[in-house]
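Peer 1: So that we are looking at the same thing, I have put the structure below in structure tokens.
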Amino acid sequence: MAAEIHSRPQTARPVLLNKIEGHSDAVNAAVLIPKEDGVITVSEDRTIRVWLKRDSGQYWPSIYHTQYNAHLSAMWPPCSCMSYHHDSRRIFIGQDNGAVVEFLISEDFNKMNHVKTYPAHQNRVSDMVFSLESEWVVSTGHDKSVSWMCTQSGSMLGRHYFTAWASCLQYDHETQHAFVGDYSGQITLLKLENQTYSIITTLKGHEGSIATLWWDPVQRLLFSGASDHSVIMWDIGGRKGRTLLLQGHHERVQALRYLQLTRQLLSCSADGGIAVWNMDAQREEAPQWLDSDSCQKCEQPFFWNIKQMWDTKTLGLRQHHCRKCGKAVCGKCSSKRSTFPIMGFEFPVRVCDACFDTIKEEDRTALATFHEGKHNIAHMDMDPSRGLMVTCGSDRIVKIWDVTQVVGCSLATGFSPR
């Protein structure tokens, strides 16, 4: 199957099926309703909307929910995120004021009833996951915390504070492990219990705030996207703790989805870039950058190496690093640029002259394809069984895509394109 997937034509790209307009502010999340021609959206404009496809082929809101609090004489806060559980039709909405609100959607998707409001955070809710198995709603917020609450009693079970805003979350329903990304660029792995928790480890590798996480419980792989424009794959299940760096975006990576059956990773960035990474290919870890006071090729001193500059009566040079070997080099010894997809570098990066000479033409073969979403993408959801993807963002537009030709969903699931 892998050979078939990799031989798909490079010209294949996502096909825009529908464009939903109508929100008056940024759309913070959009999810596809399984087995229905429908989409649920939450927005900064304080609305929750359920859009169903009509006979005309257009999507119209069957639910348009906004709430005026007469007691407080105020509109309810902007909606920042959501977690939708289709089998139970329970939906949890994160709000700008720190609350999480639970609703139950009717079978015909025409009505939504309020169930509970959870006082989860003191500030904006950034992400959340509802777990039916444990009857918990786990959430992160700009009050620098992760909290978990019981959905049966509505009570707080636990909370942990970080040193920076908690920005995104993934949760393993079977083992009750939570992965929390924050604005300092760190990912914390916690084991959650009923009234307590323990910190298992912290993952450091990004040079910017973590914007999105995706956890694959089958292969035990964690993927993270950040404001440093990069994606990192963390092999949580592997004994060596292998990490792979993927660089191909030119803006903040804000959405991720790993397709376990086809071994592909989809990533979306703020500038509308959509990347499809072949994770079935043989890949290598990028080297750690080495420290040195002088160029590890020509031995000329770097500008802070005062002693060698004085002894040799030479001016100090700027330090750079070769992306292939990790050595500290001067500009003259690293004048070349090359792609090196096997290490995740899909666009040309600095390499030392010696490494450049070792890179063969076949080593430059791309292991990812790049596509234009042509709008800001803050959130993305997929239904691999139907080969559908939905994207939304600050431009107030929601786009629905057919991605079967790009990710090979039909090969994975037996779905035949429409």
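Placed from the backbone N, Cα and C atoms, the Cβ positions cover glycine too.
What TrEMBL lists as domain 'FYVE-type' is 289-360. What TrEMBL records for 20-51, 203-236, 246-287, 370-403 is repeat 'WD'.
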Peer 1: Per the 3+ Cβ pairs under 8 Å rule, pairs at least 6 apart in sequence, do the repeat 'WD' (203-236) and the repeat 'WD' (246-287) touch?
Peer 2: yes
Peer 1: Are there at least 3 C-beta pairs under 8 angstroms linking the repeat 'WD' (20-51) and the repeat 'WD' (246-287), leaving out pairs fewer than 6 apart in sequence?
Peer 2: no
Peer 1: Using Cβ atoms and a strict cutoff of less than 8 Å, what residues sit near the repeat 'WD' (20-51) while being 6 or more residues removed from its termini?
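Peer 2: Same-chain contacts beyond the flanks: 59-66, 75-82, 84, 86, 91, 93, 103, 105, 109, 112, 378-379, 381-383, 385-386, 388, 390-400.
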Peer 1: Can you tell me how the residues of the repeat 'WD' (246-287) break down into helix, strand and coil by DSSP?
Peer 2: 0 helix, 21 strand, 21 coil
Peer 1: Summarise the model's confidence over the repeat 'WD' (246-287) as a mean pLDDT value.
Peer 2: 94
